[in-house]
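Read through the structure below, which is laid out as structure tokens, and then see the notes.
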Amino acid sequence: MTTMNEATRRQIMAARPDMSTWVSANAGSGKTKVLTDRVARLLLDGTPPQHILCLTYTKAAAAEMQNRLFKRLGDWAMLPDPELIKELTALAPEKSLDSETLRHARTLFARAIETPGGLKIQTIHSFCSALLRRFPLEAGVSPQFKEMDDRQSRRMVSEIIEDIALGPKRDVIDDVALYVSDLDLTDLALSIVSKRDQFFPPRQKADIWSWFNLPTGYDETRLLKDVFLGGEKDMLLACATLMEASSASDQKTAALFRHWAELEPDLSLVENLCDKLLAKETAKTNPLQSKFYAQHSSLPTRKLIDAHPGAFDHLESFMKRVEAVRPHLFGLKDARKTLALHRFAQELLPPYMERKAELGLLDFDDMIRRARDLLSISNVSQWVLYRLDGGIDHILVDEAQDTSPDQWRVVQLLAGEFTAGEGARADVTRTIFVVGDHKQSIYSFQGAAPEAFDQMKEHFGERLKAVGQPLQDLSLQYSFRSSPAILTATDTVFAAIGGEGVGGIPEHIAFFDDIPGRVDLWSLETPEDLSKEEKEEREKEASRWEEPLDVIHPEEPNPRLAKRIANFVAEQLEHGSLPDKNGKGRKIEAGDILILVQRRSPLFRLILKELKSHPARIPVAGADRMTLNDEMAVKDLRSLLAFLSLQDDDLALAETLKSPLFNWSERDLYQLAHGRTTITLWRALYERRKEWPETFEVLEDLRQTADFLRPYDLIERVLIRHDGRRKFIARLGKEAEDGLDALLHQARNYETTETPSLTGFIAWLESQTIQLKRVLDENSNLVRVMTAHGSKGLEAPIVILPDTLKTLRETKDEFVSPEPDQIVWKGAGGQRSDQTKETLNRLKMADLEEDRRLLYVAMTRAEKWLIVCGAGKESAGTWYDLIKTGLNTLETETLDLAGAPGQRYAWGVWPDAPETHKDAASQNPVMPEWSRAPAGVVAQDTNRISPSDLGGAKALSGEEAALDKDAAMRRGSQLHRLIELLPDVAEDRREDVARFVLSTGEDPALDSEVPGLLHEALGVINQTYDWDVFGPNSLSEVPYTSTLNGHIIHGIIDRLIVTPDKVQIVDYKSNTVIPDRIEDIPEGLLRQLGAYAEACHRIYPDREIEVALLWTKTATLCPVPLNIVMAALGRAATS
């Protein structure tokens, strides 16, 4: 009981709404509950929803928190008094509850939904985006800015590189091209763009030379003069003559001396001298801190030196000069390379920024930087802060350990008024709440800096203390997730390494301290001890031409481990058990198992393959990330599109025929292709179409429509009309659907940014590798395989860690920063300056610490059973070694897993699975009688209505006389049709397309009507709105179905704008008389908007809903408050 009270007490303290609080939360300690509790208490204490800002790290986290909060508030609205009092008392024990408090609590759900702006629970990027849209002029951005994607960025830098290459500054590309090998020039440019802040202000040659401790003006000529003073050729020949009469070692060196004497002094010779005349003294603790010294006491041999006193004095002086110049040699090489980089950046970045501004594009980093500058540097920052000062009273930051320095700066500036003891509303208590965990900071590649977490804690502590508002510092040590076995093993592993990387030795307390748990360490799958002949035979087998290039022998460690894991999973699903919260046994299900790897390596793919192909038919989710171009369904559709684009493409047609769309066998394809002379494969199929009529009919239909259907519509035709979606899923599995949907999404993106064509789409699709994240649902009851990075925030009863032998390698970044204001291009491995080596050493230590934090995240995903295994040779410092070392300090038992020994640390008594009795009837169920009866006639639904049937006037008084009803509906339909189609048409073709559209159809427009309709439609499309009405996230003519009072409402939304945070509904209206005020909008139009909003709220319950009318006559967007349209819908429901 004490444990529960202590854990609850800490959560209640953290959720206090009247105190600024900094929370360090262990994994599984319930931080999301604390966040939700705090927001609920703020609302309960009367804080308006729009005055709360909650910043999360991911959109998924924002959605999760919002869903939890809305569910709680919704429950409050419906609970009887006794149950509501119990809920509120548990949330805020110190709060006195009266009837007014209960009444207020029941209104919070409606207030949270209906308040303009609503609850701001969003990512930092979403907040900055909204901030910039609110103050675009002050921030110096376009009010209609769009988010820039990787494809647009790549294309833009490619165009700029081409312009530079053709311009007067082409030499900067020539210089940088000397150093670009595996790194493509475009990739180099993109890396510069991603770190553009570090290239401003532009650096000069003298600045860069100083970074490498080079004297001003130091160059190759100066370096050579420092080494070669004159007479070196004669000295080398004289030494060689003496050495040739000495030992074999001296004779070998003499030959080298004679070779050097024949060469002209240059940098290449100096490098050779450094390599041969200097010895490397390796530091035992850190190989990167090695030193080089002249071997004048051993080269030549000591015996020869003693035999000829003074004969080698000049050689010793020469070697010391080489030793002295070595740092300058490699410093100069790094400086030259870095200078080329900065000169290239100075020509690349200005036009890149200008073009982005011209096109109104911002990337994620821009949003953070622009918001930061808006709140600090801009001369209107005080105005912006004043406006925000009136809008935000409480800031909550989730996953604070993953917040980057720039993002922290935004938070600092937002909270500046809080900590200054002043503001627009000094009488209001204003707080900041931060929750995070130093031990879980694993996203340095996205800019996260764990040290910033501690620095910000100190910063806010000092600032708040200065104004008499102390910062409450709390830690949440209780884990509601993991059993004592998991937590003890985790603490022990990190205690063995002194808490390296996690800020000290962690301490966890299990909330459920009586739940059994296990930590298993399997023996490694090590490489086979093969003889030389066996190795050669295996290599010979792998090199056969018919074998894939990336074939892995099944007896290699990785395939053996993958098969072992698949067998283990199958065995556990059949016979295994898990303890529930009460310690009783239950059967293991597929969704209980989570397999975490460090990277998507061959082992990752092998595990997925073995799980999917196992005879036990293990339910398994696909990879957590996919490369769109590598998805089999996407490849098959791409082949089909390539064939439709060019019927002479035999390979594309052959791939299409063998795909799930047609399911041809090798024999079928051979029969068609064999014996042809000069005709194409398509021509052969056409001539023999009666043998394969179904295949021919589908291909001919697609071929006939490919010329006028856009890529999106063509793919939809394949998937729906020709049953392609069902066929792909049947052959490739449910995860194929993710690739199909992603391809459709890319087709839509392409059509909104380019002039659509089939050939253009194929080229566009292949121009970039598209990485997509697949959301693996915890409730899908499938075995999940993902990276440890992707598992952040997830948990599972059983966690398997198979990728535990990875050793740290040098950072892949081409650029490193010896100091915060410096950025250098690192040189080749053995030819780096001391400054670069020191920086790489620092980065390696930082990577090592992050690797330890990633291990912590991986281990703490487990609830009850953690399994550690690996494939390869054991080595020090790996995850496997660290866990093994930790377990060796605990009392473990020996495991015998299929003859392979292992270790187990166990806590409590593991329960057996409950027995399941299967009788004959359950094994062979009898079909019920009703299943054999013929289906009855379905009654026609008479309750179906449209939003326009909800009643209320559709126009202002006096408008009806201007145009009869039929004519108004006809004109409105024609306008809707134009506004639907023309945004996707190139501007120079819109008028021709519009005239064609108006002249066709069941009711074509009169010639006299065309100019007016065209003018009005183009006016709507070309207008600039506060909303992104015709942007990439908008959809036109969206059908939906909902219900109201037993009636089925079926309608079509004119324009739907869907973003991660909100859904905006636009309804076109061609009324000739437009109301001046919102209050004058006809009732019938409000009811229609209400119906649309109600349906979208059901579909998108976690997003803000906004509605607007677009008056086509004046091209005016009129947003309407949600509470007004919902009230109108309520009147329709009661009428």
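Yeah, the Cβs are placed from backbone N, Cα and C, and that goes for glycine too.
Under the heading domain 'UvrD-like helicase ATP-binding', TrEMBL lists 4-483. As annotated by TrEMBL, ATP binding site applies to A25, N26, A27, G28, S29, G30, K31, T32. Annotation comment: TrEMBL describes 521-793 as domain 'UvrD-like helicase C-terminal'. Annotated region 'Disordered' per TrEMBL: 526-545, in sequence order. Among the features that TrEMBL reports, compositional bias 'Basic and acidic residues' is placed at 529-545.
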Residues flanking the ATP site, with Cβ no more than 8 Å from the Cβ centroid of A25, N26, A27, G28, S29, G30, K31, T32 and excluding those residues themselves: D437, L476, S479, F480, R481
Within the predicted model, mean pLDDT of the domain 'UvrD-like helicase C-terminal' (521-793): 87
The one of A25, A27 whose CB sees the fewest other CB atoms within 10 Å, among these binding-site residues: A27
Candidate with the highest Cβ count within 10 Å, taken from the binding-site residues N26, T32: N26
Spatial neighbours of G30 (ATP binding site) that are distant in sequence (at least 6 apart) but have CB under 8 A: Q11, L476, Y478, F480
Nonlocal neighbours by CB distance (under 8 Å) for S29 (ATP binding site), same chain, sequence gap 6 or more: L476, Q477, Y478, S479, F480
Around the Cβ of G28 (ATP binding site), the count of other Cβ atoms that are within 10 Å: 22
Other CB atoms within 10 A, centred on K31 (ATP binding site): 22
